Every structure is written in structure tokens, then in C-alpha cells.
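Student: Take this structure first; my questions come after.
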Amino acid sequence: MKHNFGAGPGILPHEVLKQAAAAVIDFNGIGLSILEISHRSPDFEAVLDEAVKLVKELLNVPEGYSVLFLQGGASTQFAMIPYNLLAGDAKAAYVESGVWANKALKEAKYFGGVDVIATSKESNFTYIPKDYEVPADAAYLHLTSNNTIYGTQLHQFPASPIPVVCDMSSDIFSREINVADFGLIYAGAQKNMGPAGTTLVIIKDELLGKIDRKIPAMLDYKVQIDNGSMYNTPPVFAIYVSMLTLNWVKSKGGVAAIQKENEAKAKVLYEEIERNPFFKPVCATEDRSNMNVCFVMENAEHEKPFLKLCDERGIIGIKGHRSVGGFRASIYNALSINSVYALIDVMQEFAEKNK
Ligand code: PMP
């Protein structure tokens, strides 16, 4: 058995994979594959409707918000957000808490002014910047809720006098959020929601139509909303598997129940990192992520043999991102606590063998 700690595309629930595999051959018993039916067929329309319904239900999305399943990944949102929300003579505020935030703010510069109100770049993003004032005259505040590469997470969202736009690619559906606190939420699917290929956007409708700019149809939220995410052929399979995964989240008791499990998984793993003298954490304690657990070894020479032992024990995908080094255990929703215990066993085995 493999324990999949990969950062993304990440682990999906096994029962979802089984359902998805069956639907590739015969979808809903109709004698056709999910991959070969029209996206305008009632069968697929029901899938998209169900996916939107599940997002609304699981996150308690209030009235006045639209839910979209788009393409181009979170990276396309980096441009689509300012394209739609930032006028050329206006500015947007960005908190630079990692490389993804940096990429987002660079794209925004093509469309208007960018005010980087806080950064943790000087420490290679080992903490979440907190001491800043949100400028009341900016079009929006852009945040990243979980910094996948560095293993930091925004545990408390700042109060903001302007709409908050948040990249939740690596922690959406992992914890409860209050959607009403946000103007726009976006997330590439490939961590907690489904396979790569679709991007969830939840947008407050009243933010749209305020700027005077021509926007190409595919990048215009209004066009996407008016066409129910079907202006063109949507990524049918990615949406289908996302729908199955959201149903799985619901069957587990919803986001609140999943959050409890995620906190328990993170707690035991951080405790071992702190307890075991061979390992040490890399991030500020109060900002540690419950999704991506980053750590290094006291003795850097141990890192290669530890990785080898992990591989032998079926612990997959824990090599840290090249910009941080060390290790990163991604413990997304579908990873069971037993897999976390399996990793802890290997950490203890390694320490025992090398003491
Ligand atoms: N934001 C965050 C926080 C991410 O982790 C990632 C991808 N790992 C991205 C944005 C980029 O997403 P995509 O590959 O879907 O463009």
C-alpha cells in the first residue's frame, strides 16, 4: 500500500477513484462513457448542477454569490481577477506570503496598480505577514489562505474594509470558512476537490460590472456566470470527479467533520517533528499549515537516507519543494490518519536505526 503525501495533484478518496473509473466505461448505466457524452446532455448537466449545489451546501454559500467551474488553473485566476476587478487607474492590495501570491501580484500589474502591503519574502516565507493596514481605497485585498510550498496557513483572516479575494487552492473544503467575508474565492481543484483541470470560483455578484474594460469572453466572469460555466465545453471529467469528491466530503459529515480530522492529523505529525530529535519544523509555530507539513532534519546528511527509507515503506511524495528543501508531507482531506501514523513510524524507525 502506498501512502500518498504528494502536494498536488494530491490524493483522492479511493471510493471516488473507483466510481470515476467505472464511469469512464459506463456512466450511470447509459451504455456510454462520461468522456464521450455531450456536455449539454441532461446527464452531464445534472453533474454540473450537483457539483454547484454541493459547493453551496458544504460551504454555506449565501445568496448573491455565483459558483463557477472554470479552466486554466488558479494561475489563470491570477490574471482574470484583476482583468475583471481592477481598473487601470486603481490599485489592489496584495499580501505576499509565498511564490503563488507573488505570481498573482505580478499578473495584476498588467491591469492596474499593485500595492504589496506586506511580505515575508525576507525569511523565505516561513511566516504569514500580519502587521499591515488594509488601504480602504484599494479595489480589493488579495490573500493566499494556505501557502502550499512553505507550509504556512492563514488561521485568522484579517478584517478588511475592502472586498477580500483569496486563493484557497490548497485548503478549500479542509476547514470551515465564512464565505460572506470574501468577495471572491478561487481554487485549483487538484488538492482537496478533485483532479487537475478545473478551477472553482465563488464570486460575489455585486463586485462585477464596475469597471469599464473590454474583456475576452472566456475571461469574463459575467459571461461565465450567464452561461453557467458552459460558455465553451467545460472540463467534464474534472467536474465529474470533483462532484464525486464533494459528495464524499458530505458523506464524511461535511467540512466541520473533515476539519476535525485534519487538525488531529496535523497535531500528531507536528508533535512527532518536535519530539523526535532527528527532525525540526521550518515555519513559525502559530502559522503552521494543517495541509502541508514542512520539516527538515537536524543533520542534513540524513535527508537522503530518510527519503530512501520512506520510499521503501510506501511513503510517497514527501520531498520538499526545491525552494525550501527538506520534506513536505501534504495531508489533504483524503489522506487517512493511518497514513500519518505510517509516516511517524518511519520517522521513529529512522531515529532508532541511526542513534
Ligand atoms: N495557488 C496555490 C496556493 C497553489 O498551491 C497552486 C498550485 N500548487 C497554484 C496557486 C497554482 O495552481 P494551478 O496549477 O492550478 O494554476
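Residue 1 is the first one shown; counting continues down the chain.
For all residues, glycine too, the Cβ spot is worked out from N, Cα and C.
Checked TrEMBL, it gives:
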DOMAIN    4-341  domain 'Aminotransferase class V'
BINDING   Arg40  L-glutamate binding site
BINDING   Ala74, Ser75, Trp100, Thr148, Asp167, Gln190, Asn232, Thr233  pyridoxal 5'-phosphate binding site
MOD_RES   Lys191  N6-(pyridoxal phosphate)lysine
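Buried or exposed, and what's around them? Tell me for each listed feature.
Tutor: Neighbour density for Arg40 (L-glutamate binding site): within 10 A of its CB lie 9 other CB atoms from the protein chains shown.
Taking a C-beta cut-off of under 8 angstroms and a sequence separation of 6 or more, Gln190 (pyridoxal 5'-phosphate binding site) has the following same-chain neighbours: Gly8, Pro9, Gly10, Ala196, Gly197.
Cβ neighbours of Lys191 (N6-(pyridoxal phosphate)lysine) (same chain, under 8 Å, six or more residues apart in sequence): Ala7, Gly8, Pro9, Gly10, Thr148, Ser169, Ser170, Asp171, Ile172, Met291, Ser330, Tyr332.
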Student: Could you tell me the C-alpha distance between Trp100 (pyridoxal 5'-phosphate binding site) and Arg40 (L-glutamate binding site) in angstrom, no decimals?
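Tutor: Trp100 (pyridoxal 5'-phosphate binding site) and Arg40 (L-glutamate binding site) have their Cα atoms 34 Å apart.
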Student: When you measure from each Cβ to the nearest atom of ligand 1, which of the binding-site residues Arg40, Ala74, Asp167 fall under 6 angstroms?
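Tutor: Within range of ligand 1: Ala74, Asp167.
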Student: Distance between Thr233 (pyridoxal 5'-phosphate binding site) and Arg40 (L-glutamate binding site) at the Cα atoms, whole Å?
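Tutor: That comes out at 9 Å between the alpha carbons.
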Student: Hey, does DSSP put Asp167 (pyridoxal 5'-phosphate binding site) in a helix, a strand, or just coil?
Tutor: strand
Student: Would you count the other C-beta atoms found within 10 angstroms of the C-beta of Thr148 (pyridoxal 5'-phosphate binding site) for me?
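Tutor: There are 27 such Cβ atoms around Thr148 (pyridoxal 5'-phosphate binding site).
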Student: Rank the binding-site residues Ala74, Ser75 by how many other Cβ atoms lie within 10 Å of each Cβ and give me the one with the fewest.
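Tutor: Ranked by other Cβ atoms within 10 Å, the binding-site residues Ala74, Ser75 bottom out at Ser75.
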